[in-house]
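A.B. asks: After the structure tokens below, expect a handful of questions from me.
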């Protein structure tokens, strides 16, 4: 709600009536009876009006100034609705602040500047939004509940609308997207309809369907600006005389029909109407000869257009044609051009399309799942089938299987993130913290543990080096690449970006401590270890000159490894236990004892007609099942990736460190990177920075210690 801001004094309340209604006047309450006062003024003085207090300090920005408040409070970044709210009536005596609170004004102002006001459609969505600002929780952009239809923009409403709306002025239909449709689908689909029409004319009984296919051939060649209607055919045209067609009808029977007598059986409507439609000979010929070929063609068009995403309107067009238009009686289908027709006949509009390409379909969701994740889900099945059925690489090679396994990790990471966000939003903070700590790093840990197991079985240390390089790449990418990329992309749209300084300070301090803890054993070994070089050359021919050495490393196993086993190994194990404990302490610190650092005020303002009950996309049990299935598929894909990475390392010139730092480190984090970019585009840089810090903290405090402890027992 754009005008909702908690300043510790008075919160503007939302009115349940439309914005055009005038708020009813209320009697001014006594100071002691006002439940909306903040704790600070409750202790020291009477109520201070928000507007009057801000007017009293002209040198400070007015936070209740329309769109400036929206950007400052993070409302626009979280996709809330600009719902009109009404402030409580302001008494004239409240326009100037009482003198008893002037000494506390600075403290009140500073406390107000660190608050973040969020707007949510329901309680579940409010929990999800607040979880985005909590330490240790995945930052998730997508909605976990169904958004009210009234809150959606006209662009989004158009994505979910059917192709049966006639616009008054559609403009020119000659666009690049429509020409692309003509080149990709229109010409050969129209040619197929012409061939089917010729075949139906040959059968004679299918002549009505031949005429229908001829009309549809012109429609699907260029369907833009045309309309397909279902019209009601007069009863006089529906009756088909089977007796007359066979030459067996008598004039007596015809006269009795005209005189109102009983209708002979052969004169009753058998085709195009009623239950006899499916028994007509022409319909049988159509369903056996013409319909299957056209359904296959439309299915191919539908799948191809759906995978291209921006051509989803073409997919809807083909799906409606195959499932509805081609199953109607021919006499009820009418194809018209909108410009050539002044007034359309009365009837149901089935199809009316104006453009084939809509670039906003990247926002399209199916059951709350983004269309990209839906399209990549079949890739997981293909990867598992090829990986385990074709184990001898008869159908595909190892590089292809490795690439498919990596691509399959992306949708699985999305499903895991969506399931974690759904469970956390519908549970208390303890359950959410456990789920995030348990499954938040499951994608990376599954791949790393699988690689370590395979390297141990084969006695190949390359897999351990790949894991180290992937961990290093994740740290560098999350600390530098992700925030920097979000700042650059967000700066393209927004001239000035702000973030919560205190919240970023807490997460940065935890990041500093975690990185220091992880690298403490390494620094200790570098300081006290013995540097051993394989080969050294004196380049100055002087005994005191410079030496050029190769293959240098720190020898930690000197004197039978006494230094390593007595000093370094205990330090490594101690740090591996302390870091997860510090992570749990950080959760308890930010979620329980010091939750005011993330001072979030949830405002559930709704427009008139909205329902406060949440309709979740995934229930807790459904989200849990999807989470477990995605984890199992993730482990299988990680096993396939490690199985087929060895030929790539041996047969190519690509370094194992380069693959680990770039590909293996960034691919599992792509959903997080996309979320960070979306937050930055909506001027919520705080969450963009938090995403990178949160991943880096989990790498240092959870992933690396778990991997170290895993090697102890395996």
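Any Cβ shown, glycine's included, is placed from N, Cα and C.
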A.B. asks: Of the ranges 336-357, 402-423, 534-555, which one does TrEMBL list as transmembrane segment?
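C.D. replies: Going through 336-357, 402-423, 534-555 one by one, TrEMBL flags 402-423 as transmembrane segment.
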A.B. asks: Quick one: sort out which of 243-263, 600-620, 621-641 is the transmembrane segment according to TrEMBL.
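C.D. replies: Residues 621-641 are the ones TrEMBL records as transmembrane segment.
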A.B. asks: Of the ranges 660-686, 687-713, which one does TrEMBL list as transmembrane segment?
C.D. replies: 687-713
A.B. asks: Could you tell me which of the ranges 179-202, 203-226 is annotated in TrEMBL as transmembrane segment?
C.D. replies: 179-202
A.B. asks: Cβ under 8 Å, sequence separation of at least 6 from the ends of the transmembrane segment (504-524): give me the contacting residues as numbers and ranges.
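C.D. replies: Residues packing against the transmembrane segment (504-524) from afar: 135, 475, 479, 567-568, 571-572, 575, 578-579, 582-583, 586, 590, 597, 686, 689-690, 693-694, 696-697, 700-701, 704.
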A.B. asks: When secondary structure is assigned with DSSP, how many helix, strand and coil residues does the domain 'Inner membrane component' (176-226) contain?
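C.D. replies: Residue counts in helix, strand and coil order: 42 helix, 2 strand, 7 coil.
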A.B. asks: Taking contact to mean three or more C-beta pairs under 8 angstroms, with sequence separation of 6 or more, is the transmembrane segment (687-713) in contact with the transmembrane segment (179-202)?
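C.D. replies: When sequence-distant Cβ pairs are counted, the transmembrane segment (179-202) does not touch the transmembrane segment (687-713), since fewer than 3 lie under 8 Å.
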A.B. asks: In the domain 'Sodium/calcium exchanger membrane region' (623-711), how many residues does DSSP call helix, how many strand, and how many coil?
C.D. replies: 80 helix, 0 strand, 9 coil
